[in-house]
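Have a look at the structure below before the remarks.
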Amino acid sequence: MTNVLVINAGSSSIKFVMFAADMTRLLEGSATEIGGNSVLDVGQSTTRADFPDHAAALAACLKSIEEHGYPIKELGAAAHRVVHGGSRLIAPCLLTADVIAEIEACCALAPLHNPHNLAAIRALAEISPSLPQFASFDTAFHATNPEVALRYAIPETAAKMGIRRYGFHGISFEGLVGQLREVCGGELPSRLLALHLGNGASLCAVCDGRSVATTMGYSPLEGLTMGTRSGSIDGNAVLRLAKEYGIEGASRILNRESGLKALGGTSDMRALRESRTSEAEFAVAHFCYWAIRNAGSMIAAMGGLDAVAITGGIGENDTGVRTTILNGLAWTGLRFDGAANAEHATNLHAVDSPVQVFVIGADEERTIAKHALANLSAQATTS
């Protein structure tokens, strides 16, 4: 059997999941607080460590994987989540020198994410140079958006810098579509509103399985109110923040100090629910309001609505947020079953609702593993 190691590298963490060829989860873990008081969690064990960089953290993860009975030399492949593939990397692929160079070129588009993805890719290549590595791109699913949805109304010189809408959460949305097709017995609803609601949040309009519009844009900052991101904000307001606080200060404010954290004091939706302060209630209302308002835009892009599918940590677990958002979509004819919602059922739509409603568990790692196995199979067929 071919085991696949899925790696998701962030700014100060590396998370991994080991899958068997039949998509069974064999082992998972993480190295966190890289560059500080690091922690290694693998399986049921937790140890304190000192990882100065991603290379040291990944080496420790691989050593622990072997100690759990999975020799790295017997791995079939490694597969990475890469946040930004730009306009060229629009499908999962083998990480060749040319592809790695293209990912590096996209660092200007995703300076908060791609460099860390590359750090893990290069570290693994040093440790295990013969291991095939693949990448899945968070932007790729939205490559099917029409040009009118992707292009900002800015001069051509600026557009040639790569300033356009790309969209994100694509791996999550692709996995949602695949799971929903199974839930629906192979027949996917034609016009699907997909909601990924977590610390990062975005919506996607999916027509016949293909993304035609999404709320995130040039970066994951655009769109909905999020955990620490502001969501869409007037460009002139950004310019003023940059003038007052500098580029780095403005980036910090918009990406790490805004959203639910700014409005309610914390980015944790559960904590906001428990605090019951007026600020916390306003933060939750703000989150739901902008999800509903942007949903109207996505529905317009599809010319109607046949189904809604909700995923992500908040979407899967917060019945109150689901209730507010679904009530806000009642104008579409959508009617949902309150009892089913309270019980966290998969199907939430009422029997007489013309719009179906589903809750789908997010599993981006499984989607990435499937991509890698498909690429391995294709290579074996052509070789």
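From the backbone N, Cα and C atoms, a Cβ is placed for every residue, glycine too.
Counting only same-chain residues six or more apart in sequence, the Cβ atoms lying under 8 angstroms from the Cβ of Glu364 (Mg(2+) binding site) belong to Asn8, Arg81, Ile171, Ser172, Gly175. The Mg(2+) binding site annotation in TrEMBL covers Asn8, Glu364.
For Arg270 (ATP binding site), the count of additional Cβ atoms within 10 Å of its Cβ stands at 12 [all protein chains shown]. Summarising the annotation, TrEMBL assigns ATP binding site to Lys15, His196, Leu197, Gly198, Asn199, Gly200, Asp268, Met269, Arg270, Gly313, Ile314, Gly315, Glu316, Asn317.
Residues annotated as substrate binding site in TrEMBL: Arg81.
In the three-state DSSP scheme, Asp138 (active site, proton donor/acceptor) is classed as coil. The 10 Å shell around the Cβ of Asp138 (active site, proton donor/acceptor) contains 26 further Cβ atoms across the protein chains shown. Annotated active site, proton donor/acceptor per TrEMBL: Asp138, in sequence order.
Taken from TrEMBL, the feature site 'Transition state stabilizer' covers His169 (among others). DSSP assigns His169 (site 'Transition state stabilizer') to coil in the three-state reduction, outside any helix or strand. Cβ neighbours of His169 (site 'Transition state stabilizer') (same chain, under 8 Å, six or more residues apart in sequence): Asp138, His196, Gly200, Ser202, Cys204, Thr214, Met216.
Under the heading site 'Transition state stabilizer', TrEMBL lists Arg229 (among others). The Cβ neighbour count for Arg229 (site 'Transition state stabilizer'), using a 10 Å radius and every protein chain shown, is 28. Mapped onto three states, the DSSP output places Arg229 (site 'Transition state stabilizer') in coil.
Rounded to a whole value, the Cα-Cα separation of Asp268 (ATP binding site) and Arg229 (site 'Transition state stabilizer') is 13 Å. It is Lys15, among the binding-site residues Lys15, Arg81, whose Cβ has the fewest other Cβ atoms within 10 Å in the structure shown. Taking each of the binding-site residues Asn8, Asn199 in turn and counting other Cβ atoms within 10 Å of its Cβ gives the largest count for Asn8. Separating the Cα atoms of Glu316 (ATP binding site) and Arg229 (site 'Transition state stabilizer') is a whole-number distance of 20 Å.
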